[in-house]
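Enquirer: Quick one: the structure is below, questions incoming.
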Amino acid sequence: MSTNPKPAFRRILLKLSGEALMGEEGFGIDPKVLDRMAQEVKELVELGIQVGVVIGGGNLFRGEGLAKAGMNRVVGDHMGMLATVMNGLAMRDALHRAYVNARLMSAIPLKGVCDDYTWTEAISLLKSGRVVIFAAGTGNPFCTTDSAACLRGIEIEAEVVLKGTKVDGVYSADPMKNPEAVKYDTLSFAEVLESELKVMDLAAFTMARDHNMPILVFNMNKPGALRRVIMGEKEGTIISSKQPA
């Protein structure tokens, strides 16, 4: 039961890593994880939240190894964009099976597969209650899906970018390696930069900072965490331009 009867946000951009879709597998998409995520998104829609989604592609394609072997970076990034489209198709299908209206929009034209991205159409769809999945990153090489999430969040005038990860917030050090690592509840953009805390790549992070777009990092693998974040309960780490109390 939530102690706060009203959601803390009205329109959000949810960023999911491709790796989150793998579950316990080492590659690809775990159907159980996909369906659970679709159900959690459905809960938000039923609360009246307008939901945009950006999914990474690391579960299907990682370009680093091929780049070291000599592959052109632009080619590798284009392959990565297509991986995000595949994940987007899977998420759209899972949402449809959960009886949630969803639209997949791609930053690169893929006629017959998904719609071309336009920000005016995306906002119109969100206002009508549809979940909008943004695929193919920004459509440009050398840009991460974190950058795409911040860019789309700013464009659709989301109130927050929710970054779903494998850990339940931002820590002073890697909690997997350092048991003494301390979790932060709130941080300012300046503190993250000063302490060199790993939240997302610098280009994405500074874009969010420059447009006063709050970032909330939480554990997407923790059942109910997404709903708690939306209801304004203590969950994850919020990063904003405001100084912590």
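Note that Cβ sites are derived from N, Cα and C of the backbone, with glycine treated the same way.
Worth saying up front: this structure is predicted, and the values here are computed from it rather than measured.
Annotation comment: Swiss-Prot describes Lys15, Leu16, Ser17, Gly18, Gly58, Arg62, Thr165, Tyr171, Asp174 as ATP binding site, evidence class sequence analysis. Sequence annotations record features per position, and here Swiss-Prot assigns region 'Involved in allosteric activation by GTP' to 23-28 based on sequence analysis. Annotation comment: Swiss-Prot describes Gly57, Asp77, Thr138, Gly139, Asn140, Pro141, Phe142, Cys143, Thr144, Thr145 as UMP binding site.
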Enquirer: Same chain only, please: residues at least 6 beyond the ends of the region 'Involved in allosteric activation by GTP' (23-28) with a C-beta under 8 Å from a C-beta of the stretch. Say none if there are none.
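Expert: For the region 'Involved in allosteric activation by GTP' (23-28), the nonlocal Cβ contacts are 59-60.
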Enquirer: Roughly how many Å separate the Cα of Asn140 (UMP binding site) from that of Lys15 (ATP binding site), to the nearest whole number?
Expert: 18
Enquirer: What whole-number distance in angstrom separates the two most remote CA atoms of the UMP-binding residues Gly57, Asp77, Thr138, Gly139, Asn140, Pro141, Phe142, Cys143, Thr144, Thr145?
Expert: 15
Enquirer: Please report the distance from the Cα of Ser17 (ATP binding site) to the Cα of Gly57 (UMP binding site), rounded to the nearest angstrom.
Expert: 7
Enquirer: Nearest to Thr144 (UMP binding site) in three-dimensional space, by Cα, is which of the binding-site residues Lys15, Thr165, Asp174?
Expert: Lys15
Enquirer: What is the number of other Cβ atoms found within 10 Å of the Cβ of Gly57 (UMP binding site)?
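Expert: Other Cβ atoms within 10 Å of Gly57 (UMP binding site): 26.
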Enquirer: Which state, by DSSP, holds Gly58 (ATP binding site): helix, strand or coil?
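Expert: It is coil.
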